[in-house]
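What follows is a set of notes on a single structure, which appears directly below.
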Amino acid sequence: MGIKSIVINEQQIEEGCQKAVNWCNAKFNNKKVIVLGILKGCIPFLGKVISKFSFDLQLDFMAVASYHGSHVQKQPPKIVLDMSHDPKDKDILLIEDIVDSGRSIKLVIDLLKTRHAKSITLISLIEKIKPKAFDINIDFSCFKVKDNFLVGFGLDYDGFYRNLPYVGVFEPDNP
């Protein structure tokens with residue numbers, strides 16, 4: 001499969017997701033929030049946390065394309081699916097699978113700012129430990145990991161491996 005090693009196992013994912021739920025429930029207590037999942041990678045993470053959120057929410061999605069069938073970001077990211085709710089004067093909770101360079105999520109945050117969102121909060125399953133190309137404030141991350149190419153639990157290589165119940169280091173030359 002090309003998986004060199006597992007860096008976050010199933011039990012760790014469960015624990016990290018519960019910590020994210022606790023943090024969000026405390027932050028958004030008695031608020032109405034648009035939970036904005038960034039497709040496609042957010043699906044497993046969002047699925048684990050959304051049913052445990054205790055605040056009022058509307059669910060929405062955006063899709064940002066940046067890798068285009070490789071593990072190297074070759075082109076500037078672009079919005080390929082926009083959200084359906086109007087973010088104006090709303091609290092937005094962004095759900096992201098991974099923050100790597102910050103390019104893709106910065107595009108989303110900048111767009112939400114131009115649309116006059118009341119507040120923008122970013123939680124991510126994974127944050128890579130490396131300098132970000134852009135100044136991004138990650139309000140909560142479940143895991144901070146070294147700069148490897150990762151797959152599993154929403155993270156993919158050319159659309160594959162998202163369904164793995166863990167996160168692993170991927171090497172294309174390691175079948």
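Backbone N, Cα and C define each Cβ position, glycine as well.
Straight from Swiss-Prot, the features:
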type	residues	note
BINDING	LYS40, GLY41, ARG162	diphosphate binding site
BINDING	GLU96, ASP97	Mg(2+) binding site
ACT_SITE	ASP100	active site, proton acceptor
BINDING	LYS128, PHE149, LEU150, ASP156	GMP binding site
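Residue density at GLU96 (Mg(2+) binding site): 27 other Cβ atoms are found within 10 A of its Cβ, drawing on all protein chains shown. Nearest to GLU96 (Mg(2+) binding site) in space, judged by Cα atoms and limited to the binding-site residues LYS40, LEU150, ASP156, ARG162, is LYS40. Among the record's GMP binders, LYS128, PHE149, LEU150, ASP156, no two C-alpha atoms are more than 15 Å apart, and one pair sits at exactly that spread. Closest in space to ASP97 (Mg(2+) binding site), of the binding-site residues given as GLY41, LEU150, ASP156, ARG162, is GLY41, taking the CA atom of each residue.
Only ASP156, of the recorded positions ASP100, LYS128, PHE149, LEU150, ASP156, have a C-alpha within 10 angstroms of the C-alpha of LYS40 (diphosphate binding site).
Counting only same-chain residues at least 6 apart in sequence, those with a Cβ under 8 Å from the Cβ of LEU150 (GMP binding site) are VAL7, ILE98, ILE126, VAL167, GLY168, VAL169, PHE170.
Distances between the Cα of ASP156 (GMP binding site) and those of the recorded positions GLY41, ASP100, ARG162 are shortest for ARG162. The shortest Cα-Cα distance between ASP100 (active site, proton acceptor) and any of the binding-site residues GLY41, LYS128, PHE149, ARG162 is the one to LYS128. Considering other CB atoms within 10 Å as the measure, the emptiest surroundings among the recorded positions ASP97, ASP100, ASP156 are those of ASP156. Residues LEU39, CYS42, ILE43, PRO44, ASP97, GLY154, LEU155, ASP156 surround the recorded diphosphate site, their Cβ atoms falling within 8 Å of the Cβ centroid of LYS40, GLY41, ARG162, which are themselves excluded. Binding residues for diphosphate (LYS40, GLY41, ARG162) extend across at most 9 Å, taking the greatest CA-CA distance. Spacing of GLY41 (diphosphate binding site) relative to LYS128 (GMP binding site) is 15 Å (Cα to Cα, whole number). It is 18 Å from the Cα atom of ARG162 (diphosphate binding site) to that of LYS128 (GMP binding site).
Secondary structure from DSSP puts LYS128 (GMP binding site) in a beta strand.
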